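Visitor: Structure in structure tokens, see below.
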Amino acid sequence: MRPPKIVGTITSFTQSRHDLCPGETSNPPTAQQFDFGGCECVSQPRHPATMQPDHQQEQQQQPGVFRFSRDYRLAAPPAVTKPNHSFTAEVQTHNWSQFVGDSGRVNSVSVGAVNNRVLKTGAHRSAVNGGGPGPLSATPLPLPVPTTPMGSTTKLISDNRSAKVPWCQCLPSLATVMVILSVTASLGNLVRLPTVVFHNGGGTFLVVYTILAIVIGIPLVFLEVVLGQFCQEGTTKLWRAVPLLKGVGLVKVLTSFLVAVYYPVIMAMSLFFAIWTGKGPVPFTECDYLPPRGSPPQMDGEICLQETFLKPPDQDPVWFGVDIALLFMLWALIVLCVFRGSRSYKVCAFFTFIPTVAGVIALLSQELTISSQGINELLLFDWKYLFTFDTWYYALIQLFFSTHIGFGNITTCAGRLYSKSNAFWTAVLYMLCNLAVGISFVCVIYLWIGRLETHGIKLIWPQIPELFVITLLYDVTIHLFGETAQIWAVISFLVLIFAGLNSMVVVVFTVVESIMIETKERWRSWMITAGVCAVGFLAGIICLLPVRMELVHMLDHYVIGHMVAASTALELIGFAWIYGSFALYSDFEFVLGQKLNPIWSAVWFLTPIVLVIFEIWSLVTLPLSGSHEHHDAQWLYIMGWIFYASSWCIVLVVALWQIFNQVDYNIGQKLLSTLKPSRNWGPVDPIYRHGWVVWRGQSAIGGERDFTLKRRGTRDYTHSVKRAHSNPKGGSRYHPPSSNGSSPGALHTSRASKGDPPFVVQLPPNDLDEHVCWRKDTRHVNGKT
């Protein structure tokens, strides 16, 4: 494909660098041809004394012929030496024509008589057209030329965009908000958090949990959101920055899958209670009996489950068939929410998050109108729990379950679903909503507990802790709800089911996206989704086989919490320590478009130390066979610790594989190579990546930050062109609006049909020497090749 020829008249030009071509002089002579490294131009004859255009000779002179094959950073500020070529031109009233050799079509242009026009080439064509020639434009240049501290003229694309945008327009779309907030109403936040609060000190534990959520949770969410927006390829490709620790990304995906194995089992219990409560009567006829004399005290809901849903298949295969049917229904619903990727995820977020939050608000309002005794008990503060290690450790583990930090879910969603949202405010909004939803449902649970105690019913620690909230809700339905028992019970159980869907959609989406990225999209999304859900469905059936859901307890207590804490510590060590605080700091500033407070780097540097101390201390002080009050079967905790050790084996094996795959002379050099970013580390989008390369180069040379290099990708450009086609008078990011529907001095290219609106391409000019897609064309206008 040959570069386009721009035919026009140049009446003056300014040369900002004098070593462009061998033999050039500082003052351009008259009627001489200049070669700007691939751009050949013919200046018009000028009067020798004034160096002004000689209009008498101008009429006889052929117009200048331009051939562009390199980038030109235009309108350099006076007395500034630029690393590339710069020129300004005054455009007279002329008809311009663009000749594209491969199309055989002439696109006519009309440019008005304006002073100080800038011809912009290079990166616009290479970035938009994958290295080939593309549309050029002439656009007005204000006087004086505004530049950034780095000398960039990127802001000259459209000065009307420099005005402040109203804060309401900075908010992401409603679908994006739903996707961000849907994870806050998760099953870990509504089922696991009240259980841990009830068992570890009540209000004191909630204070410790809130402190950790603010001090550690917000920085970790902020880190994962920015890394996801920067890398754009999920949690596995994130480790191109530190190839030695690529196994950490695989462990995160495995952890998400293990959560997806046992969460549907808990959801199936809620679905069982919702269906049986809806059809009535309450209490269930299947559970209307007295426990045998001498049996340990249990809650009514727990006894009911053990006699129905949790009966071993050899004792009652009918109930086991009901279990499988309910599991299948839930997994089928999950497939529908994920099989189309981000599109189905966004739709599902509307129908799961809103009912969950509405149900929590309705339950809290209904209970507060009756009694507030449970809230008074929750507000009791016990200093003994505050200075106990168990409280802080379980609060830290619960933080991971409630917020999905360390599972790779936030990183994957940030790169795929909300890659353009403000990372800092996304993290703050996410954490505040997470605390609000979790604490609200904890208040609902304590209000129920307070009302049960007023009726003389004393709660005991359940034999199946993972089902504490579900069995408590059945007891509340029997003793408290009265005439409206069925309605409120169905609402409560549906809230738990929707919370489970919020969790399951994000973890399955993470697993599916990771498999698609690692297999280079060899299979379609729906095929991978169906395969993952089928394996999860079969694994969930296995979890139902042991009595009292022992496999679920093993995954929840021994495996997942430890795996998430260890992988998060390794992630922080890899990025804050190995990749380097300075490089991480620079990348974050590029994504955010503003300076980053150094306190974030300090938090990310110190947090892995805290996590490692907590993890080692838990192995030393906490019982390896369960908790202080309850010890599990030997086979159970041994299998749990083997699963946890296997995660470290994955990290070690992948690290050895990465070392031996390096092309170096010895083991030491191979090890050092795995501690450095790989060549393909960085943003995937070519335009986004090019801006990042320019950013890194400027930062390394001068140590400054050019915040005009916005993170704009190919999708931004294509959406801008579509908007310009549909509404050319409105303008867009790349199409500055005008009163008459066109930008004065811009190059408007006509379409094939007369009815199509014109389009304008204006992108920030950048140095093409570092562009990975640019193919330089060395042909000149004099016929030499």
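Heads up, residue numbers simply count up from 1 along the chain you see.
Here the Cβ of each residue, glycine as well, is placed from N, Cα and C on the backbone.
So TrEMBL has the following annotated:
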BINDING   ASN189, SER402, ASN434, SER503  Na(+) binding site
REGION    716-764  region 'Disordered'
TRANSMEM  203-227  transmembrane segment
TRANSMEM  248-276  transmembrane segment
TRANSMEM  318-339  transmembrane segment
TRANSMEM  351-371  transmembrane segment
TRANSMEM  391-411  transmembrane segment
TRANSMEM  423-448  transmembrane segment
TRANSMEM  460-481  transmembrane segment
TRANSMEM  488-511  transmembrane segment
TRANSMEM  523-547  transmembrane segment
TRANSMEM  559-579  transmembrane segment
TRANSMEM  599-624  transmembrane segment
TRANSMEM  636-660  transmembrane segment
Visitor: Could you tell me whether the transmembrane segment (391-411) and the transmembrane segment (599-624) have 3+ CB pairs under 8 A, leaving out pairs under 6 positions apart?
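Guide: Yes, the transmembrane segment (599-624) contacts the transmembrane segment (391-411).
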Visitor: Most CB pairs under 8 Å with the transmembrane segment (559-579): which of 351-371, 391-411, 460-481?
Guide: 391-411
Visitor: Can you tell me which of 203-227, 248-276, 460-481 gets the most C-beta pairs within less than 8 Å of the transmembrane segment (488-511)?
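Guide: Maximum Cβ contact count belongs to 248-276.
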Visitor: Other than ASN189, SER402, ASN434, SER503, which residues of the same chain sit close to Na(+)? List them in sequence order, counting a residue when its Cβ is within 8 Å of the Cβ centroid of the site.
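Guide: Near the Na(+) site, the remaining chain residues are VAL183, THR184, ALA185, SER186, LEU187, GLY188, LEU190, LEU193, PHE401, THR403, HIS404, VAL437, GLY438.
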Visitor: Under 8 Å, at least 3 Cβ pairs, sequence separation 6 or more: does that hold for the transmembrane segment (636-660) versus the transmembrane segment (248-276)?
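Guide: Between the transmembrane segment (248-276) and the transmembrane segment (636-660), which are separate recorded stretches, there is contact, as judged by 3 or more close Cβ pairs.
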Visitor: Please work out which recorded stretch in 203-227, 351-371, 423-448 has the most C-beta pairs separated by under 8 angstroms from the transmembrane segment (391-411)?
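Guide: Between the candidates 203-227, 351-371, 423-448, the best contact partner of the transmembrane segment (391-411) is 203-227.
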Visitor: Which one is it: of the binding-site residues ASN189, ASN434, which Cβ has the fewest other Cβ atoms within 10 Å in this structure?
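Guide: Taking ASN189, ASN434 as the binding-site residues, the minimal 10 Å Cβ count falls on ASN434.
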Visitor: Quick check on the binding-site residues: of SER402, SER503, whose CB has the lowest count of neighbouring CB atoms inside 10 Å?
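Guide: Least crowded of the binding-site residues SER402, SER503, by Cβ count within 10 Å, is SER402.
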Visitor: Test of understanding: applying the rule of at least three C-beta pairs under 8 Å (pairs 6 or more apart in sequence), is the transmembrane segment (248-276) touching the transmembrane segment (523-547)?
Guide: yes
Visitor: Using Cβ distances below 8 Å and needing 3 or more such pairs, separated by at least 6 in sequence, tell me whether the transmembrane segment (460-481) contacts the transmembrane segment (351-371).
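Guide: Stretch pair does not touch.
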Visitor: When you scan the chain for residues with a C-beta under 8 Å from the transmembrane segment (318-339), skipping those not six or more beyond its ends, what do you find?
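Guide: For the transmembrane segment (318-339), the far contacts come to 264-265, 267-268, 271-272, 308-309, 311-312, 345, 347-348, 352, 500-501, 504-505, 508-509, 512, 525-526, 529-530, 533-534, 536-537, 540-541, 544.
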